[in-house]
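Peer 1: Not my notes, these are from TrEMBL:
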{"type": "DOMAIN", "residues": "B:20-208", "note": "domain 'ABC transmembrane type-1'"}
{"type": "TRANSMEM", "residues": "B:20-44", "note": "transmembrane segment"}
{"type": "TRANSMEM", "residues": "B:56-76", "note": "transmembrane segment"}
{"type": "TRANSMEM", "residues": "B:82-103", "note": "transmembrane segment"}
{"type": "TRANSMEM", "residues": "B:154-175", "note": "transmembrane segment"}
{"type": "TRANSMEM", "residues": "B:195-215", "note": "transmembrane segment"}
Amino acid sequence: MSDAPLLEVAGLYKSYGAVPVLRGVDLHVGRGECLCIVGPSGSGKSTLLRCLNVLEPIENGRILFEGRDIARSTRREAPEIRRRIGMVFQNFELFRHLSALDNIVLAPQRVKGESLARARERARALLDKVHLPDKADAFPDELSGGQQQRVAIARALAMDPALMLYDEPTSALDPETVGEVLQVMQELAEEGMTSLVVTHEMGFARRAADRVVFMDDGSVVFAAPPETFFGRGADIPDRLTRFLSHLSH
Amino acid sequence: MNFWEFVLHYLSSERFVTAAGMTLLISLCSLAGGMLAGLVVALLQEVRFLPARILAVFYLWIFRGTPVMFQLIFAFNVLPSFGIVLSGFACAVLALSLNEGAYMAEIMRSGIRAVGAGQRQAARALGMRDMQLMRWVVLPQAMRIIVPPIGNQFIGMLKLSAIVSVIAVEELLLVANQAASSNFRYLEALSAAGIYYLAMTTVFMVLQALLEATLRRRGRPMQGGLLGRFLSATADGARVR
């Protein structure tokens, strides 16, 4: 394994029309690292994830993923990059016409060309991994939010991504199902799955993150390991202190 | 012979059976052709390539903007002067398909649009290309949405097919009218034709209800025979509503 980070973002600039959303984001994620991105809403966290998955065009900057600049990939190249990057959405977005198992099977079978038997076998293993071994035949509307989100995680993992992006994965969940989703994410991170998590769950950031990143107003303000991030050191920026104190009230 | 004997005589006569078959065949072929044309036009409208979208709009403009009878007579009487000579049946299916395609396109497009942006994004995030996400994620969901309106279109098509009598295709209404004009037994001949129309539309309404119930079950394996399916389908429908 090389020392180069798996993902390196430099000077990323993005605007919607005249409104800048990301104003020069710098970020790097090493292999096996789990990063949590926190910050007030409107700070550009979700937009950053969408740019990383090539779902949004950017105006300026570089995104090096596995040593390759993906920021300006063409419409032909983008799908190949996305196969290497799993993404989990706030609203799960399971395919509503397919069972849990078939949601996981679809992309490996149709995109990667895996045989149905092999894709099914792996999908069952992934359902075990997200602690839903008996929900293979359930349809999305028969599952709770937390269960749907865990199937969505398994669906993303089925493509064997090198990086997982989570866009506020527990924000749409009932409080009682948040824990089961965070648990699965933490287990994956501990197994060495490189993860980038946009979240408001500070407890999760404290427990699972190798580093926590604070974004505000379209740029990275501060990044540090959790013990420093949530500590009371002199170098904590005022904005972060204010943000964290708002959350605790 | 009394009224019912005449009606029964017509119902079982070879001409009526053949004509009812012709009506059914024209309707089925035109519906299939219309769905195909509609799908192509709907997909053309989703494409980024501007000329494709212009072509689709042009098609809709022509076929929604002129009477279907005009299109039928045009196919039958004008195409031969361009060296395209088609049988009456072929003309009927061509004109009805292309006309139906314009309405099907709108139905299919509304179904395609009804599948949310989030579903497309999730498919894209898995590395699917536009064609793949259309085929595996959008269309299967759109199909469930458009079954009820397509069923209505089909029933409409069965009735609309009567107008192909203007190009002398031996469909049900033309044959009934001809039979009656030879002996002035209009009530009996038209009753027989009406019974055939009602029988065909009824069968398709039932088929449509079965299909809708099946799709609502989202492809779960079926148990039992047709009756079992119908019972579980209706039970399922009741539960959903």
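Yeah, the Cβs are placed from backbone N, Cα and C, and that goes for glycine too.
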Peer 1: How about long-range neighbours of the transmembrane segment (B:82-103): same chain, 6 or more residues beyond its ends, C-beta under 8 Å?
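Peer 2: Non-local partners: 22, 26, 29-38, 40-41, 59-60, 63-64, 68, 71-72, 74-76, 153, 157, 160-161, 164, 167-169.
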Peer 1: Going along the chain, which residues at least six beyond the ends of the transmembrane segment (B:154-175) come within the CB cut-off of under 8 Å?
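Peer 2: Here the qualifying positions are 15-16, 18-20, 22-24, 26-27, 30-31, 34, 68-69, 72-73, 76, 88-89, 91-92, 96, 100, 193, 196-197, 200-201, 204-205, 208.
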Peer 1: Should anything in the same chain at least six residues away from the transmembrane segment (B:56-76) have a Cβ under 8 Å from its Cβ atoms, list it; otherwise answer none.
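Peer 2: Answer is 41-42, 44-45, 86, 88, 91-92, 94-96, 98-99, 101-103, 105-106, 160, 163-164, 166-167.
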Peer 1: Checking distant contacts: for the transmembrane segment (B:20-44), what same-chain residues at least six beyond its ends satisfy Cβ-Cβ under 8 A?
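Peer 2: Sequence-remote neighbours of the transmembrane segment (B:20-44) are 52-53, 55-56, 59-60, 89, 92-94, 96-109, 112, 134, 150, 153-154, 157-158, 161-162, 164, 169-173, 196-197, 200.
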